[in-house]
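According to Swiss-Prot, the heme binding site annotation covers MET11, CYS111, CYS114, HIS115. Per Swiss-Prot, the feature heme c binding site maps to MET11, CYS111, CYS114, HIS115.
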Amino acid sequence: AGEVEKREGMMKQIGGAMGSLAAISKGEKPFDADTVKAAVTTIGTNAKAFPEQFPAGTETGSAAAPAIWENFEDFKAKAAKLGTDADIVLANLPGDQAGVATAMKTLGADCGTCHQTYRLKK
């Protein structure tokens, strides 16, 4: 797969992981520590690898905003923050639904902050 497809796949994996966490935090699915750990691990791993998925020459053909390449250091910092916050959640793995909801607020805010600036509106 090309770079665009690869990074879109990584984003979809994060979206799926966030969906799993959301279902637990809302009580739609029962709390399961293994599910939470796997979801947060996916988020952290993918976030840390994001900056390498946006090489020069891949600025078109996706929802990636030109601002990524114009402000690459800030983009990298935002990806790193998501990775670090995921590591913090993993180190203090939530033990119940409320803990997952708290973790979701932090991770979701990281996603939103980056998407607001660096994802084109559909």
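Cβ coordinates come from backbone N, Cα and C, glycine included.
Owing to the predicted nature of the structure, the values given are computational and were not obtained by experimental measurement.
The structure, with features from Swiss-Prot marked on it.
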{"residue": "MET11", "record": "heme binding site", "Cβ neighbours (10 Å)": "19"}
{"residue": "CYS111", "record": "heme binding site", "Cβ neighbours (10 Å)": "19"}
{"residue": "CYS114", "record": "heme binding site", "Cβ neighbours (10 Å)": "20"}
{"residue": "HIS115", "record": "heme binding site", "Cβ neighbours (10 Å)": "15"}
Extra residues within 8 Å (Cβ to Cβ centroid of MET11, CYS111, CYS114, HIS115), heme: ILE14, LEU82, ASP110, GLY112, TYR118, ARG119
Largest inter-residue Cα distance among MET11, CYS111, CYS114, HIS115 [record-listed heme binders, Å]: 12
